[in-house]
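Now, the feature entries from TrEMBL:
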- 39-56: transmembrane segment (TRANSMEM)
- 67-128: domain 'Homeobox' (DOMAIN)
- 69-129: DNA-binding region (DNA_BIND)
- 131-332: domain 'TLC' (DOMAIN)
- 140-160: transmembrane segment (TRANSMEM)
- 210-229: transmembrane segment (TRANSMEM)
- 264-284: transmembrane segment (TRANSMEM)
- 304-324: transmembrane segment (TRANSMEM)
- 337-376: region 'Disordered' (REGION)
- 344-354: compositional bias 'Acidic residues' (COMPBIAS)
Amino acid sequence: MFQTLYSYFWWERLWLPENVTWADLEDRDGRVYAKASDLYITLPLAFLFLVVRHLFETYVATPLAGLLNVKEKIRLKATPNAVLEKFYAATTKHPKQADVEMLSKKSGCTVRQVERWFRRRRNQDRPSLLKKFREASWRFTFYLIAFIAGMAVIVDKPWFYDLREVWKGYPIQSMLPSQYWYYTIELSFYWSLLFSIASDVKRKDFKEQIIHHVATIILISFSWFANYIRAGTLIMALHDSSDYLLESAKMFNYAGWRNTCNNIFIVFAAVFIVTRLVILPFWIMHCTLVYPLDLYPAFFGYYFFNFMMVVLQSLHIFWAYLIIRMAQKFITGKARGGLGSDREETDNSEEEEEAAKNGPLSNGHPILNNNHRKTD
């Protein structure tokens with residue numbers, strides 16, 4: 001049964017144009033072609049990325065946070081209460097008024113005390129500013145290096161300047177060592193993001209992030225199997241061109257450098273819109289949709305690859321809407337809190353009460369007003 005499923009999965013008509021077989025893509029005469037087995041290494045490399053990330057966040061990002069004076073906001077802890085804790089863990093973190101009154105009777109606390117307990121308990125679970133800074137630092141570093149490496153891989157290739165060259169001789173296109181390593185590193189990184197998403201900072205677009213990671217992994221893997229490598233390298237480099245700008249804006253936001261954050265974010269918004277809403281659909285997707293049909297009839301792989309591109313482009317439109325709204329707020333001076341999906345809904349009542357009594361606090365100590373707005 002397994003052999004039957006295996007043979008159906010690798011049926012040549014699913015992956016390759018008609019009159020082309022896997023035998024045509026076997027290594028010969030010094031020419032090397034992409035093989036599915038090449039990507040097995042990406043799974044152990046993904047776990048290696050997680051180890052490298054831990055070391056980076058500990059020995060690079062944390063000292064950097066100290067240099068940039070990343071401040072933690074004081075968070076008051078909820079008093080241990082078995083009744084309230086059980087409801088918090090098993091039912092909801094945001095009880096309705098009827099639930100609050102019921103819990104007040106069960107726990108022997110006043111309604112006000114129950115509401116205060118839930119506010120403090122929710123704030124305890126929110127990720128710290130240091131955690132978010134470390135995560136942004138890691139992604140900034142990878143995306144910047146990946147973008148530079150990606151440009152080095154494709155900038156001297158003819159298909160970087162003439163998209164019709166992407167399909168010249170397809171699918172009999174040999175793989176270059178630089179393409180192998182670019183694919184391997186990118187796919188390993190996205191596997192590591194998927195593995196760590198449960199422990200990373202949970203943002204408002206959490207579901208969209210999962211869809212994005214899965215779609216990206218499928219696209220990278222499929223483009224490798226079907227030898228869409230030239231198109232794949234262009235798409236990956238295009239995506240990396242704006243991501244490092246967003247992560248650097250987050251870093252400055254967490255450090256309280258609001259003007260720097262706003263300026264970088266506006267640059268990011270411009271690059272994102274140009275690359276994801278102009279170049280990708282009108283150049284790259286046109287290349288993958290139109291040009292191949294001049295060479296061979298459409299087959300399953302052609303439809304599947306372009307369907308996944310449409311999924312990815314739909315996410316880009318969703319994010320572009322959020323980015324444009326945020327950029328407008330930055331330009332008009334109305335932006336408050338964090339960046340887009342990274343902004344968390346913090347319950348501030350308790351901190352405000354303490355501030356009224358003791359003045360602003362940071363890391364448990366009074367601080368002077370330096371005219372920085374509240375960071376997320």
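Every residue gets a Cβ built from N, Cα and C, even glycine.
Predicted, not measured: the structure shown is a model, and the values here were computed from it.
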Legend entry - Averaged pLDDT score, the domain 'TLC' (131-332): 92
Legend entry - Intrachain residues whose Cβ lies under 8 Å of the transmembrane segment (264-284), provided they are six or more past its termini: 163, 231, 234-235, 238-239, 241-242, 245-246, 248-249, 252, 313, 316-317, 319-320, 323-324, 326-327, 330-331, 339
Legend entry - Ranked first among 39-56, 140-160, 304-324 for CB pairs under 8 angstroms with the transmembrane segment (210-229): 304-324
Legend entry - Within-chain partners of the transmembrane segment (39-56) [C-beta distance under 8 Å, separation at least 6 from its ends]: 137-138, 141, 183-185, 187-189, 191-192, 195-196, 221, 224
Legend entry - Within the DNA-binding region (69-129), residues counted as helix, strand or coil by DSSP: 36 helix, 0 strand, 25 coil
